[in-house]
Amino acid sequence: MSSEEENKMTRISIEPEKQTLLDHHTEKHFTAGEIVRDIIIGVSDGLTVPFALAAGLSGANASSSIVLTAGIAEVAAGAISMGLGGYLAAKSEEDHYAREMKREQEEIVAVPETEAAEVAEILAQYGIAPHEYSPVVNALRKNPPAWLDFMMRFELGLEKPDPKRALQSAFTIAVAYVLGGFIPLSPYLFIPHAMDAVVGSVIITLFALFIFGYAKGHFTGSKPLRSAFETAFIGAIASAAAFGLAKVVQH
């Protein structure tokens, strides 16, 4: 959809009194879901993967310097991998939207009667009677950009992706992974013996996981305390498994 067509859509106005009501109404919905999702993905993996790696190496009696070196390498590789994954996922979503929009645009031109019938069917599902939705269908047919947008949203359930989304997602996930990853590694900077450092790593990481889980629950609408305990429990299981496997392999 061109910028000219989008401008045409935005020039359509409603009654002044309704516009006044909208101007004085502030929506309180949470709209930063995608960014929060990226932060959750990056931080959760950044906390648990280096945490498990450090615990495993500590269980193998590696020195703090070796744990720290391996941990930093893992954080760097993990941030790149996770960021690239976020970028490719967002680009895939963008490409999918473009393909579907092109197909829908062609159908509006090739089979307008069928597409108009689909609009009527969608509106009927909301309990709107034929004599009520007929003017809406006719109005959309006179405005192809609005018609296309309606079909993308209500027939296919697709929202137009932000063109900056791919790079933003990659950057957010990568930075969140790095920030999360250095938390379990920080004790190894100050404690030379790995078996002593792992105790500090466990304490600080479990606390960070608990806080992160609480924040995740708050922003995603689930129970914050339950989310906090679940997140900390998963991190504890991961580190205990890595530590135990290292001990088994060592013997």
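The chain as shown is numbered from 1 upward.
Backbone N, Cα and C atoms are what each Cβ position is placed from, and that goes for glycine too.
What TrEMBL lists as region 'Disordered' is 1-20.
TrEMBL lists 170-191 (among others) with the feature transmembrane segment. Same-chain residues lying 6 or more positions outside the transmembrane segment (170-191) and placing a CB less than 8 Å from one of its CB atoms are 35, 38-39, 41-47, 49-51, 54, 64-65, 67-68, 71-72, 74-75, 78-80, 82-87, 90, 197-201, 204-205, 208, 212.
Look at TrEMBL and you will find 197-215 (among others) tagged as transmembrane segment. Cβ atoms under 8 Å from those of the transmembrane segment (197-215) belong to residues 43-44, 47-48, 51, 54-55, 58-59, 64, 67, 180, 183-188, 190-191, 224-225, 227-232, 234-236, 239, 243 of the same chain, restricted to positions at least 6 beyond its ends.
TrEMBL lists 227-246 (among others) with the feature transmembrane segment.
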